[in-house]
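If you check Swiss-Prot, you get these features:
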type	residues	note
BINDING	G33, P34, S35, G36, A37, G38, K39, T40	ATP binding site
DOMAIN	2-231	domain 'ABC transporter'
DOMAIN	280-344	domain 'Mop'
Amino acid sequence: MLRVESVSKDYKEFKLRDISFDVKKEEHFIILGPSGAGKTVLLEIIAGIIEPDEGRIILNGVDVTSYPPEKRNLAYIPQDYALFPHMTVYDNIAFGLKLRRISRQEIDRKVKEISKVLGIEHLLHRKPRTLSGGEKQRVAIARALVIEPELLLLDEPFANLDVQTKSRFMTEMKVWRKELGFTSLHVTHSFEEAISLGDRVGVMLRGRLVQVGDVKEVFSNPVDEGVARFLGFENIIEGVAKGNILEANGVKITLPISVEGKVRIGVRPEDIILSTEPVKTSARNEFRAEVIGIEELGPLVRVNLKIGGITLKAFITRSSLIELGISEGREVYVSFKTSAIKVF
């Protein structure tokens, strides 16, 4: 469907380096990365807004690298939606169809049809300035999909929405995909969007696409320490391994594999279990630890822990914190499964 081959670009403060990946028909492919990684520049190269210094963009077997945007049959929704403020919702949605010189009757049919699917029939007479963020997003998606593009490009599509609206949109996006069968390339910094919507994900760091794969596989098996840190492995521990035992600052940790020499391991905070008594679980690593700090994070709490010469971070709910009576200075038991450990 879409194939990006060895694309590189120096553009302002961004540098893309040898980007290659493919998007399959009717797939929702996520490019996931922090701000400044070059995600938007990559989208604009695919859309034809920016020319690559090197590499090719292949769409349905055709090299479109030199094609202008209007010849690529793509639809691009930027982060600010780019609705025409002087036009009604109806005319915004109809804009691309009019450029294609479609009959007035066919335009009317298509606009009303897509408006019904996206639930915006009642907004067709209004101007963008009177719409909420969620309504503007629906109009932008309708305008993009009504032309039946080969590929829909989405730049941080939920960044301007409140939490509840974003949650509703992600649920509805799955329904729209099933009903309309479109193919999409979606860039975001949000893990939630990647996990909820992505069929596959590519992790982009510092202008390079460093890992591509199934969403679950990428999140559970980051290819290196840099990807692991970005994906939430906050606990990175360095030590010396002998067989399946790692010794780090006097603390011995059982590993999932046998290795030798100096290595680093990563453990997610959410994979660490806290208790006030020793627990009988399948966890093969259990330690006594001192609580050295507590940070409020909305519904979750980050508990900072000291085990001998190493520190760990664990996530628990606020209710669990209260129930366990955990407070700074208290001693608790820390445990985690060997399967939760990623060895680098």
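Glycine is no exception: its Cβ is also placed from the backbone N, Cα and C atoms.
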Counting only residues outside G33, P34, S35, G36, A37, G38, K39, T40 in the same chain, those with C-beta within 8 angstroms of the ATP site's C-beta centroid are V187, H189, M204
Its Cβ having more other Cβ atoms within 10 Å than any other among the binding-site residues S35, T40, the winner is T40
Three-class DSSP assignment, K39 (ATP binding site), comes back as helix
A correct count of other C-beta atoms within 10 Å of the C-beta of K39 (ATP binding site) gives 24
For the domain 'Mop' (280-344), the DSSP helix/strand/coil residue counts are 10 helix, 37 strand, 18 coil
Counting across all protein chains, other CB atoms within 10 angstroms of the CB of G36 (ATP binding site) number 13
Listed in sequence order, the residues of the same chain lying six or more positions from P34 (ATP binding site) whose CB sits under 8 Å from its CB are H189, L205, F230
Within the same chain, the residues at least 6 apart in sequence whose Cβ is under 8 angstroms from that of G33 (ATP binding site) are K39, V187, H189, V203, M204, L205, F230
Across the domain 'ABC transporter' (2-231) the predicted model averages a pLDDT of 94
In all the protein chains shown, the tally of other Cβ atoms within 10 Å of the Cβ of A37 (ATP binding site) is 24
Long-range Cβ list for G38 (ATP binding site), cut-off under 8 Å, min separation 6+ in sequence, same chain only, gives F14, K15, L16, M204, R206, G207
